[in-house]
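Notes to accompany the following structure.
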Amino acid sequence: MNPQAKLIFTISLLMGTIITISSNHWVTAWAGLEINTLAILPLISKSHHPRAIEAATKYFLTQAAASALVLFSSMTNAWYTGQWDITQLTHPTSCLVLTTAIAMKLGLVPFHFWFPEVLQGSSLTTGLLLSTIMKLPPIALLYMTSNTLNPTLLTSMAILSAALGGWMGLNQTQIRKILAFSSISHLGWMTIIIVYNPKLTLLNFYLYALMTTAVFLTLNSINALKLSTLMTTWTKTPALSAMLFLTLLSLAGLPPLTGFLPKWLIIQELTKQNMALAAVALSILSLLGLFFYLRLAYCATITLPPHTTNHMKLWHTSKPTSSSISILTTVSATLLPISPLISTMI
């Protein structure tokens, strides 16, 4: 892709995100979402591979439907209450339609079908954008309207997302699909707490984005798209593979790594809200995710060639690891000791 075109699309992506998260009026928030969608489409389809074109088409159709529902929800609310302010969404039908729209935008169960397919058809860098920055505007809208949304509906969708994200990721061999189901599972944790403590949702999202960025950049650096190619990375980049191992365990939420912090705080908050059953269900369902993270970590660090798996041999490269990857993987593994400081900030 032409560098100038890529720059324009990237700036449009950032501009659309900023417009949505900083707006008070529903129409400007909707416009930001549309700019976001139109900016990411060329980045998804830039390889001109049939799978990439298919992914871009699926993404466009689902996002267009979700944006139409956002507009319909805000217009219904304005019709009944005369309010276009995002925080004044009070009509029950509007709240229900908006929850559906945000679930479609994020890829929450039962509107999750598009996300693994789109991520599989994209490159790793585009997949990183889809998993992190493209989730920010819908989560910002969810944050601003959280006090009026239906907690029972959100809790049901969250537990289903955690269950399906863990269950569907078990038998995958494509790393991008595994990370897609991992994203769906993490969104379940974010959604269940949004009504009770919205700041915890944002903390969870920031730490999830940090760890996912580290994983995607590492995989992009070692050029691994399947488990079979991941098995050959230890002999070429042992230090990077070891840090990938820690980052994956952090994504799984194992103590004493960074990923344990949001899970710990969410379980604590749910228990305070007399939702111990939901907290237990989420904790048990996170074991499903732990299995496929351990599978990835096992392939990356413990399985050494020669072995019987068919794979294409990759060239040995002596290029140094990027400093951004080094910083992100280190932070992904070592933030837990400063959790008291983080707790006072939220």
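Including glycine, each Cβ sits where the backbone N, Cα and C put it.
Automatic, uncurated: that is what TrEMBL annotation is.
Record features (TrEMBL):
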TRANSMEM  7-23  transmembrane segment
DOMAIN    23-288  domain 'NADH:quinone oxidoreductase/Mrp antiporter transmembrane'
TRANSMEM  57-76  transmembrane segment
TRANSMEM  96-115  transmembrane segment
TRANSMEM  152-171  transmembrane segment
TRANSMEM  178-197  transmembrane segment
TRANSMEM  203-225  transmembrane segment
TRANSMEM  237-255  transmembrane segment
TRANSMEM  275-294  transmembrane segment
DOMAIN    290-342  domain 'NADH dehydrogenase subunit 2 C-terminal'
Query raised in the report: So which of 57-76, 96-115, 152-171, 178-197, 237-255 has the most C-beta pairs under 8 Å when paired with the transmembrane segment (203-225)?
Result: 237-255
**Report entry** Tertiary contacts of the transmembrane segment (178-197) (same chain, 6+ residues out, Cβ under 8 Å)
**Finding:** 106-109, 112, 115-116, 119-120, 127, 131, 135, 139, 142-143, 146-147, 149, 151, 154-155, 157-166, 168-169, 172, 204-205, 208, 212, 215-216, 251, 262-263, 266, 269-270, 273, 278, 282, 285-286, 288-289, 292-293, 296
Report task. Using a Cβ cut-off of under 8 Å, list the residues of the same chain at least 6 residues beyond the transmembrane segment (275-294) that approach it. Result -> 155, 158-159, 162-163, 165-167, 169-170, 172, 178, 181-182, 185, 188-189, 192, 248-249, 251-254, 263, 266-267
**Report entry** Local confidence of the domain 'NADH dehydrogenase subunit 2 C-terminal' (290-342) - pLDDT mean
**Finding:** 77
